[in-house]
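A.B. asks: Can you keep this structure in mind? I'll have questions shortly.
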Amino acid sequence: MSALIRHDWDLAEIEALLELPLVDLLWHAQQVHRDAHPAGYHVQLASLLSVKTGGCEEDCAYCPQSMHHSSDVTAQPELQLQVDGVLQQARSARDAGAHRFCMGWAWREIREGAPFDAMLAMVRGVRELGMEACVTAGMLTDSQAERLAQAGLTSYNHNLDTSPEHYDQIISTRTYQERLDTLQRARDAGLSLCCGGIIGMGESRRDRASLLQVLAGLNPHPESVPINGLVAVEGTPLEDQEPWEPLELVRMVAVARILMPEARVRLSAGRERLSQEAQILCLLAGADSIFYGDSLLTTSNPAVQADQALLAAAGVSSSLEGVAAA
């Protein structure tokens, strides 16, 4: 591949990219994308399921699953899905066209015993369906990371959420360094990383540049970089946050693509706020994966039929290439 891989991006360089005229930024990002992916433009479809919902000990300001908040989710009893039910949903997602199945647990850290045994069984079952398997479940130990790798887990998700500078405005129950340590444990076990962030939480463009600098400074780069727009949920501290601008999400996708040429840049939460045209701009900017299905953990997502229409309008195809790799 001819795309230049760097891990030494200066903050000023990244800010300058974010400030480029949009047409110039899109041109640059598309060049990088095509250089890094000469075989053609394919969009990976990923499905996301909340296995354990609610009751999380963390206080992430954006999250309706936190026990510290008063959302509709926290008002309900905690829900834990069983292995058979999860695998049935994975099978349905595969049959609908998804290539990757992501499973989420609202935990501060992975819990040993029966819950972890069930997680391992789910991972094995998803892999047997021929899908990539991704887990997001908070912090984990070296041993847990190794056992997940042995079960066949493709990728571990642990987002940084925002910049180091803005982080203490969003969460107080886990440090930024703990997030980085979790990523390193997953990497040391041979797992690929899924790690990105969220815009629209009161951060500045400089904060967005700083988040991207941290992500691009990871060596190797995360194989998967989800770019989320805040979904402001009633009952969370960010419920009244001013809505983010769709073109700001396009800019984040484009700069993520430029900084991390070979990563899958995943268009993630908040996509319902985007018109079909804005989503096509995100694809042009370098997004090559979308979350596919009617929900993302506890928030809604565009309908499958709408996404099929999106891909058709953009003239791009979904692809099974890269299974077990990203």
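Cβ coordinates are placed from backbone N, Cα and C, and glycine is handled just like the others.
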A.B. asks: Pick the one from CYS63, CYS134 that Swiss-Prot also lists for the [2Fe-2S] cluster site with CYS102, CYS194, ARG266.
C.D. replies: CYS134
A.B. asks: Quick one: what's DSSP say for ARG266 ([2Fe-2S] cluster binding site), helix, strand or coil?
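C.D. replies: Reduced to three states, the DSSP call for ARG266 ([2Fe-2S] cluster binding site) is strand.
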A.B. asks: Rounded to the nearest Å, what's the C-alpha distance separating CYS60 ([4Fe-4S] cluster binding site) and CYS194 ([2Fe-2S] cluster binding site)? Just drop the number here, would you?
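C.D. replies: Between the alpha carbons of CYS60 ([4Fe-4S] cluster binding site) and CYS194 ([2Fe-2S] cluster binding site) there are 19 Å.
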